[in-house]
Amino acid sequence: MLSLSAKNHFTVSNSITHVIKSYHIRTLTSSAEKMPHITTPFSTSASSTKLKAFRKVRPVLQRHSSSWIVAQNHRRSLSGQSSLNDLRHLNRFPHHTLKTSNNEFYPAEQLTLEDVNENVLKAKYAVRGAIPMRAEELKAQLEKDPQSLPFDRIINANIGNPQQLQQKPLTYYRQVLSLLQYPELLNQNEQQLVDSKLFKLDAIKRAKSLMEDIGGSVGAYSSSQGVEGIRKSVAEFITKRDEGEISYPEDIFLTAGASAAVNYLLSIFCRGPETGVLIPIPQYPLYTATLALNNSQALPYYLDENSGWSTNPEEIETVVKEAIQNEIKPTVLVVINPGNPTGAVLSPESIAQIFEVAAKYGTVVIADEVYQENIFPGTKFHSMKKILRHLQREHPGKFDNVQLASLHSTSKGVSGECGQRGGYMELTGFSHEMRQVILKLASISLCPVVTGQALVDLMVRPPVEGEESFESDQAERNSIHEKLITRAMTLYETFNSLEGIECQKPQGAMYLFPKIDLPFKAVQEARHLELTPDEFYCKKLLESTGICTVPGSGFGQEPGTYHLRTTFLAPGLEWIKKWESFHKEFFDQYRD
């Protein structure tokens, strides 16, 4: 048992009481009431003021836990209470572990937010932020009481998640995946499988070919860089897409979606606060969140909304120079093409100008090209890899040191297989040593999801003319694409017909990012509620119609402007009419 002379008991205890009495309390918050069950050195009749004062200074006292224990034990022994039972919260450090004479110990306090990596707490991801969280609450409310809200369902226009919004999976994809997941079917007679009308012959043959490449089972780890046969398919796809610019399988890394590739690259090139990454504003929040986790600086460059969200190379170079002056090394330049959330598509000239800056300052370029299949009529996608190769031939030596990482994913396009986590990155201009570093990082996760890798193969090598699935596969793809374009243009035209909204014409991707000139009264009420004005609008929209969007502040925007991001994935057009009605009522309510 713990022991100390009665004199020392009183001395320590009185000293603590003196500290508490002399502590000047200005404000008390609910955080001071974290552990109301803890007995204090005061008697049960102690005043509320003393109790609050004690809780305010408790962290200071606990740094001298031996004195605290003595004082606590003395007070409790006088009242006949247990000396140690409620002192477990003090055991935060090994050298303060409380033990009895028979070497028993009292369990330490659980870790709290104070123990969490600060970088994790700083990271924010608006796509699943406050508004989507509120949407989940309303969804739960509807399930309990369908009549309790002025709408009957939540429309998740906040995230590019096609199959959540009733986009059907491509039949060919799912036939092949089904056979890979249950390979016993592949041992049956092919004609019997075809006669079952569940599988077409080309899907059966493709599954057998993939199974051979994979090594016999999708349940086994693959190599960390990905299945070699699938990487060969990706290289062939890129070579064809880029009109003969050769791609090599050894430069391909299969990944668990494009997000995994972003994590790899930023983990490697972010070395702390002295390094910075150039990101477009508005941007996809994955980048700022990952930078926060890596304790590195975001170096924002603003896209020009008035010219269709174009990229200004002079703006990028200005940001680079300012970073260098502030002793921050710009290591990476992020380009999202087609844009998220803007939907803009870069011209070859704009891409060439970006490479001028990258070559001049030695920044790695991340080309986030996951929406390359989501291209609207009248627009053409040009990969950054293709433009770089052209520049290298036209200007020998000038662009030879440029390092480019190009990303693609099965989550977007007409595939929409977000939950399957398939993707790849192609490295251009990286040395063997740099590729080995990336491979080491990939190896920590062992390998990407093998069925996701198979989906990558299906994405880059769909059925071709003459195969049994070709016509039906083309029909499904065309239907998905046409419906997306119809909804996008309807929403775009609706926005531009409404008071206070201006929206750039979409060129690609699956989002619109309209600017909203909110009435002064709405801005004032938002501030009163401690919300950003665009968050206030999105919250009102959600609670009135069930349409969930993302405030523009989550993506970054020019100071003094307000935007929101919405997808146009939700089926039908009825929800667009509901939005139109809400907007008119909102402006009538808050009109200046």
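Don't overthink the numbers, they just go from 1 along the chain as shown.
Cβ from N, Cα, C; glycine included.
Marked as transit peptide by Swiss-Prot on the basis of sequence analysis: 1-64.
Sequence annotations record features per position, and here Swiss-Prot assigns phosphoserine to Ser77.
When Cβ atoms from all protein chains are considered, those within 10 Å of Tyr284 (pyridoxal 5'-phosphate binding site) total 27, not counting its own. DSSP assigns Tyr284 (pyridoxal 5'-phosphate binding site) to coil in the three-state reduction, outside any helix or strand. Per Swiss-Prot, the feature pyridoxal 5'-phosphate binding site maps to Ala258, Ser259, Tyr284, Asn340, Ser409, Arg421.
According to Swiss-Prot, the N6-(pyridoxal phosphate)lysine annotation covers Lys412, on the basis of similarity to another entry. When secondary structure is read from DSSP and collapsed to three states, Lys412 (N6-(pyridoxal phosphate)lysine) falls in the coil class. Sequence-distant contacts of Lys412 (N6-(pyridoxal phosphate)lysine), defined as residues of its own chain at least six apart whose C-beta falls under 8 angstroms from its C-beta, comprise Gly160, Pro162, Val370, Tyr371, Glu373, Asn374, Ala509, Met510.
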Counting only other Cβ atoms and using a 10 Å cut-off, which of the binding-site residues Ser259, Asn340, Ser409 scores lowest?
Ser259
These are the binding-site residues: Ala258, Arg421. Which one scores highest on other Cβ atoms within 10 Å?
Ala258
Could you check what DSSP calls Asn340 (pyridoxal 5'-phosphate binding site) once collapsed to helix, strand or coil?
coil
